[in-house]
Amino acid sequence: MPAKLNSPSRYHGIYNAPHRAFLRSVGLTDEEIGKPLVAIATAWSEAGPCNFHTLALARVAKEGTKEAGLSPLAFPTMVVNDNIGMGSEGMRYSLVSRDLIADMVEAQFNAHAFDGLVGIGGCDKTTPGILMAMARLNVPSIYIYGGSAEPGYFMGKRLTIEDVHEAIGAYLAKRITENELYEIEKRAHPTLGTCSGLFTANTMGSMSEALGMALPGSASPTATSSRRVMYVRETGKALGSLIENGIKSRDILTFEAFENAITTLMAMGGSTNAVLHLLAIAYEAGVKLTLDDFNRISKRTPYIASMKPGGDYVMADLDEVGGVPVVLKKLLDAGLLHGDVLTVTGKTMKQNLEQYKYPNVPHSHIVRDVKNPIKPRGGIVILKGSLAPEGAVIKVAATNVVKFEGKAKVYNSEDDAFKGVQSGEVREGEVVIIRYEGPKGAPGMPEMLRVTAAIMGAGLNNVALVTDGRFSGATRGPMVGHVAPEAMVGGPIAIVEDGDTIVIDVESERLDLKLSEEEIKNRLKRWSPPSPRYKSGLLAKYASLVSQASMGAVTRPA
């Protein structure tokens with residue numbers, strides 16, 4: 001049955017004449033005011049290529065909604081560009097922006113009594129932020145990803161932004177010249193759109209499809225593709241059907257839908273940030289999802305997609321062979337997906353995949369069969385142990401290391417760790433510990449890409465890293481993040497000392513500090529938290545409200 005509309009209570013009837021007067025001021029006619037009023041929430045910013053073009057996409061989405069008999073009004077949300085903030089105070093605002101985006105969409109939607117929602121995003125936190133709002137609002141909603149950039153090239157090598165970060169380390173280690181670094185910088189990201197590898201933005205775009213919240217095939221076309229425009233228009237049109245049939249976001253965002261998304265994440269070897277974001281979206285949808293669900297699904301799901309940074313290909317390559325539905329179909333045929341879940345098409349996942357038009361081209365070089373995987377286990381593993389009682393995350397798709405034991409080299413900030421790598425303090429065989437970079441400690445749980453890229457770029461191939469911060473989706477190597485509890489709240493990572501032995505054991509799903517329980521307890525008794533880095537402003541407010549990484553680092557009422 002049709003969804004109950006919000007807009008009549010705000011815009012119909014004698015007493016709402018002042019409200020209608022304002023709608024007339026922006027060009028709506030009597031006929032348009034009488035139609036369902038829908039929001040186009042657009043994460044738009046000129047501060048970077050990821051969301052530079054989304055305002056234009058919003059205009060296309062409006063055309064699609066009008067074709068479906070709806071009256072659209074667009075509004076922007078904020079965007080924090082992760083790459084520009086990387087390695088600076090700006091990165092502390094990245095994860096914060098996810099929850100701010102969710103709050104902004106909620107506020108705009110409810111304040112203006114919209115009936116349905118189209119969300120358009122690009123950079124890392126925009127997709128989960130908008131999906132969190134959709135889950136929270138529980139209204140007819142559909143998402144469209146803005147698309148990735150085309151890859152760059154230099155000296156016959158295909159480039160992504162990951163190569164620029166690692167080139168800095170290579171230059172500092174005198175492995176390349178300054179001119180080579182400059183040429184890589186100029187060529188790595190040649191168009192509008194998000195980072196081209198399967199980093200966080202493309203991972204979350206893929207998750208929007210796997211959750212059933214986006215049209216099949218819509219995540220993979222590049223930002224510059226004409227098919228991107230087509231998908232945006234069709235997304236706008238599809239909202240009309242959702243409203244007509246009364247399909248709301250929580251009808252789609254079920255526990256089974258999240259299992260499908262986690263399965264897809266594991267099969268594609270996507271970003272560890274997706275663990276945080278899926279937990280957060282599930283929280284807003286009222287779905288009980290835990291880190292244990294990720295490991296349970298990881299064990300049964302093979303890693304089959306050779307996507308950068310763990311593999312060889314970028315999103316544009318996946319698009320050429322059929323996009324995310326190619327991965328989903330292989331998983332469905334292997335009995336690894338719930339085919340009966342509802343999606344934004346009004347059809348089930350199985351129906352979508354049966355009706356999707358797959359290109360008649362080879363794809364096994366990018367997406368393998370489930371019976372011939374790259375690795376038998378999914379691309380992400382959750383570790384627990386004496387160093388991470390509530391959990392930590394490692395991306396095994398981006399490393400072949402299954403066990404690492406080494407002496408700790410401890411730093412209390414990302415900046416100190418970066419200087420340590422630069423100055424040669426970090427030696428082969430060591431485990432770099434970066435703490436007080438968690439949700440409350442940093443605050444904002446920044447990504448450690450500057451440090452991990454410096455390690456890789458310097459040729460330190462036998463160094464691991466453990467942090468209560470996050471990693472960029474571009475990170476590769478034996479890097480463990482999201483350690484919970486974090487140092488700021490007295491997690492065991494707070495009492496690690498230089499020279500302590502750290503054990504990372506993927507097969508046993510363990511992350512341990514090789515000390516006796518008694519010694520750990522004694523050190524924790526002697527520990528006291530440092531003063532907060534921020535005592536006022538947004539980051540101080542965020543630190544007071546945010547939960548631990550093991551719970552999705554969502555902000556909750558105090």
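Sequential numbering from 1, following the chain as shown.
Glycine residues also receive a Cβ, built from the backbone N, Cα and C atoms like all the rest.
Now, the feature entries from Swiss-Prot:
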- Ser472: active site, proton acceptor (ACT_SITE)
- Cys50, Cys123, Cys195: [2Fe-2S] cluster binding site (BINDING)
- Asp82, Asp124, Lys125, Glu447: Mg(2+) binding site (BINDING)
- Lys125: N6-carboxylysine (MOD_RES)
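Distribution of Swiss-Prot features across the structure.
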{"residue": "Cys50", "record": "[2Fe-2S] cluster binding site", "Cβ within 10 Å": "30"}
{"residue": "Asp82", "record": "Mg(2+) binding site", "Cβ within 10 Å": "32"}
{"residue": "Cys123", "record": "[2Fe-2S] cluster binding site", "Cβ within 10 Å": "29"}
{"residue": "Asp124", "record": "Mg(2+) binding site", "Cβ within 10 Å": "32"}
{"residue": "Lys125", "record": "Mg(2+) binding site", "Cβ within 10 Å": "30"}
{"residue": "Cys195", "record": "[2Fe-2S] cluster binding site", "Cβ within 10 Å": "29"}
{"residue": "Glu447", "record": "Mg(2+) binding site", "Cβ within 10 Å": "31"}
{"residue": "Ser472", "record": "active site, proton acceptor", "Cβ within 10 Å": "31"}
Cα nearest Glu447 (Mg(2+) binding site) among recorded positions (Cys123, Cys195, Ser472) -> Ser472
Which whole-number value in Å describes the distance between the Cα atoms of Ser472 (active site, proton acceptor) and Asp82 (Mg(2+) binding site)? 9
What is the set of residues, excluding Asp82, Asp124, Lys125, Glu447, whose C-beta falls within 8 angstroms of the centroid of the C-beta atoms at the Mg(2+) site? Val80, Gly85, Met91, Ser94, Leu95, Cys123, Thr200, Ala201, Asn273, Ser472
Distance, Cys50 ([2Fe-2S] cluster binding site) to Lys125 (Mg(2+) binding site) (CA atoms, angstrom): 11
